[in-house]
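Shown next, in structure tokens, is the structure this report addresses.
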Amino acid sequence: MYRPDIDLSSSGTMDTVSPTPASPMAGIDLRGAELTAARLRSALPRGGADVETVLPKVRPIVQAVAERGADAALEFGASFDGVRPAAVRVPEAALDKALADLDAAVADALRVMIDRARAVHADQRRTDVTTTLGPGATVTERWVPVERVGLYVPGGNAVYPSSVVMNVVPAQAAGVASLVVASPPQAQFDGLPHPTILAAARLLGVDEVWAVGGAQAVALLAYGGTDTGAEWPGFSSDRARSASSPGADAELVPVDMITGPGNIYVTAAKRLCRSRVGIDAEAGPTEIAILADHTADPAHVAADLISQAEHDEMAGSVLVTPSEDLAAATDAELAAQLPTTVHRERVTAALGGRQSAIILVDDLDAGITVVNAYAAEHLEIQTADAAAVAGRIRAAGAVFVGPYSPVSLGDYCAGSNHVLPTAGSARHSSGLSVQTFLRGIHVVDYTEAALKDVSGHVITLAQAEDLPAHGEAIRRRFER
């Protein structure tokens, strides 16, 4: 029998929950509990660090880069990561070489990923819509892409060429004219970003890549600057120039918007720069929730929980189930699979953290209530009639339906975007899409007769709000 670590049927919070020595994950019993929204938000497992705590460290970095540009960004990189590239902008020859040297199987897989993502995102394009409110009175909503976008691709525990694809594809589909990818320099590659990142950029047709990472990368994207002008060892200094970046050897043109995931320092920098540029979101650690019943395969459930825990020690893995048998079997499967997991120390820490748990509920209806309150970045539905259950989900970054739609598929080749809202923000936010990179502009076009027809109402409302000059602007048009 599965025995949860804590029973919240009457009271309690997550402050003291931890797994027992025999269980990789903590257990929470919500059976019989009153599942109000407020109570669930305080009781459900969630980790992540508070961005506010690192703002004092990040603010001087942003200020220095704003004042001194590339020199400051490169100095911070050398101090934090022990590597200082010759310049910020990567020569196009390095992109060509990275693609030529890329393992053929990886290249083929990336091409499949790109093709499938492009197919899905092409269908997200919006068309202009004109509404006619009367003779000579129209309002058109015109969709205009952001002009220049910076796409941040992290480096750390793993290399993420998939993040290049997931950020670039919707931006290109939206019609963004100028894209720059920023990724940390790597000492083992002579200060260049990881070659797989460079190869992915080249496959996507992106020719502007900056070798800069962390908070300093976000600041440099936001404020721009002047590159060092130094040559990269082994590459010609004849770097490509583009319309968005005249004299590309020198000018680092600031962007209008920054997207892409990163650590807490990257997130803090995005917060500090968002008065100057747009951002996609303040992403927290990745998370998976699985809503499963007795029909689910515990080996699959355990494997999927482990797969997201592999990202980060702060990653959240949550199973919600009305089945004690499934909870016990999944707990046993986790214990069996963990020893053979390559990144088992990282995974063990994530599964054992306060952000992860196996949650018992009374029934499937209660489970749906719980996962809607949790609002997971990734939500798997492994139940009987999974499609019907998925139709009742109102808060999730992405929903994966049935045993053959695991989150790993969405991370790479489902065609969906894997840049998704975290930390419960799926209650009010969406994942990255073509819409992220579009601005809706209302174009108002009225004739004299159309304005006259509604002028009395405008004047009345202006007087009601004590804004007489508004009404006068209407009257003067009809004075003779």
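The backbone N, Cα and C atoms fix where each Cβ goes, and this holds for glycine too.
If you look up Swiss-Prot, you'll see 1-25 marked as region 'Disordered'. Annotation comment: Swiss-Prot describes 8-20 as compositional bias 'Polar residues'. Residues or ranges marked as substrate binding site by Swiss-Prot: THR286, GLN308, HIS311, HIS378, ASP411, GLU465, HIS470. The Zn(2+) binding site feature in Swiss-Prot is assigned to GLN308, HIS311, ASP411, HIS470; the stated evidence is sequence analysis.
Overlay of Swiss-Prot feature records on the structure.
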residue	record	CB count, 10 Å
THR286	substrate binding site	26
GLN308	substrate binding site	28
HIS311	substrate binding site	22
HIS378	substrate binding site	28
ASP411	substrate binding site	20
GLU465	substrate binding site	10
HIS470	substrate binding site	14
